[in-house]
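> Found this in Swiss-Prot, in case it helps:
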- 178-233: ATP binding site (BINDING)
- Asp312, Glu324: Mg(2+) 1 binding site (BINDING)
- Glu324, Asn326: Mg(2+) 2 binding site (BINDING)
- 150-357: domain 'ATP-grasp' (DOMAIN)
Amino acid sequence: MNARIRVAVVYGGRSSEHAISCVSAGSILRNLDPDRFEVTAVGITPEGSWVLTEGRPETLAITDGKLPGVTGDSGTALTLTADPARRGQLVSLGEAAGEVLASADVVFPVLHGPYGEDGTIQGLLELAGVPYVGAGVLASAAGMDKEFTKKLLASAGLPVGDHVVLRARDSTLSLQDRERLGLPVFVKPSRGGSSIGVSRVTAWDELPAAIELARRHDPKVIIEAAVPGRELECGVLEFPDGHLEASTLGEIRVEGVRGREDGFYDFETKYLDDGAELDVPAKVDDDVAEAIRALSLRAFTAIDCQGLARVDFFLTDDGPVINEINTMPGFTTISMYPRMWAASGVDYPTLLATMVETALARGTGLR
């Protein structure tokens, strides 16, 4: 019997967050303990093809502003069989079609955005009977869609910001909605992340272009009223015995950093231009920190999440407001989720090991 746990790290994918998924995977591959885990790296191209890759972390990093990616030339074409009788087998699609290239005890789907973080790969893994890290189908789908995240949180009595959803048939905001939301507003793809396709609108004549940009990524657009306040984050982690813990808080500061005036934490600020400062732990009063940790655990439960999540807040004069919940947060070297857990006394390799062990303990199927 293989003493090490066989982990298939799946990354890349078809969404606009393909490159960030690759960067997250590189960080995870670098930090999974080789004495405990036998790791296989599986990349998904932007077109949706699966390839067995070498999984070298140095090839999965942002270098001189250039984003990494998976191509058809990155490795051997393969697929994961959905037959539960062949549980976890990664099968060749090449000349030796059907040959088992590797097998996995657990899959770590480091996929951000649609076609990965939204319940799609989770459904495939459930069909295949393969345990996987992170949330199940329902929580992944709900957490990916900002509209339904807010609906579930609000139904649980949790504080969320005012917003309007534009479906594909809706061209713009009504006059009544504009008056209610006020300016500025943030225009976002409803099912997206990493601030891709997001605009800050400070005048209504900017709205059509912002909607058009968001719709390049998702026909459904969410328009959110600006919430003045500090940006705080909290990590939630499930342990193999099923209990949950909330991490030390982190804070993102953009306004006033390196001459920034807009306070908008966009894609370039997050990943390319070092335009934000991250404080871990966040400088907040103990009672505020405890309240936000409690809200994070409630939000995790409200969407029926499993495994892990990062819950994002605005801290206003009237108290915390939940912005969103990320069921597969970033795992890059600068990402807040592993940093918050490190500040909580859980180092990166231990964090990853806990997530894998929790996935194995949970298994698949109805639970």
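For all residues, glycine too, the Cβ spot is worked out from N, Cα and C.
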> Of Glu206, Asp312, Glu324, the binding-site residues given in the record, which has the fewest other CB atoms within 10 A of its CB?
Glu206
> Out of Val185, Leu213, Val227, give me whichever of these binding-site residues has the highest number of other Cβ atoms within 10 Å.
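Sorting the candidates by Cβ neighbours within 10 Å, the top entry is Val185.
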> Just jot down the residues in the same chain as Gly192 (ATP binding site), at least 6 apart in sequence, with C-beta under 8 A of its C-beta; none if empty.
Ser15, Ser16, Glu17, Gly113, Pro114, Val198, Ala214, His217, Asp218
> Tell me the Cβ contacts of Lys220 (ATP binding site) under 8 Å, same chain only and six or more apart in sequence, or just say none.
Asp145, Glu147, Val165, Leu166, Arg167, Ala168, Pro189, Ser190, Arg191
> Roughly how many Å lie between the Cα atoms of Arg178 (ATP binding site) and Asn326 (Mg(2+) 2 binding site), rounded to a whole value?
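Distance between the two Cα atoms comes out at 28 Å.
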> Whole-number Å distance between the CA of Leu213 (ATP binding site) and the CA of Glu324 (Mg(2+) 1 binding site)?
21
> What three-state class does DSSP give Lys220 (ATP binding site)?
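Once the DSSP labels are grouped into three classes, Lys220 (ATP binding site) ends up as coil.
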> Quick one: Cα separation, Asp312 (Mg(2+) 1 binding site) versus Ser199 (ATP binding site), in Å?
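With the alpha carbons as reference points, the distance is 18 Å.
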> At the Cα level, what's the spacing in Å between Asn326 (Mg(2+) 2 binding site) and Glu206 (ATP binding site), rounded?
28
> Using DSSP and collapsing to three states, where does Val227 (ATP binding site) fall: helix, strand or coil?
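In three-state terms, Val227 (ATP binding site) counts as coil.
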> Counting only residues 6+ away in sequence within the same chain, which have a CB under 8 Å from the CB of Ser199 (ATP binding site)?
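The list for Ser199 (ATP binding site) reads Phe186, Val187, Glu206, Ala209, Ala210, Leu213, Ala214, given in order along the sequence.
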> For Val185 (ATP binding site) and Glu324 (Mg(2+) 1 binding site), what Cα-Cα distance in Å is obtained after rounding to a whole number?
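Approximately 16 Å lies between the Cα of Val185 (ATP binding site) and that of Glu324 (Mg(2+) 1 binding site).
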> I want to verify one value. Collapsing DSSP to three states, which class is Glu206 (ATP binding site)?
helix
> I'm trying to understand the geometry here, so how far is the Cα atom of Val227 (ATP binding site) from the Cα atom of Glu324 (Mg(2+) 1 binding site), in Å to the nearest whole number?
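Here the two Cα atoms are 13 Å apart.
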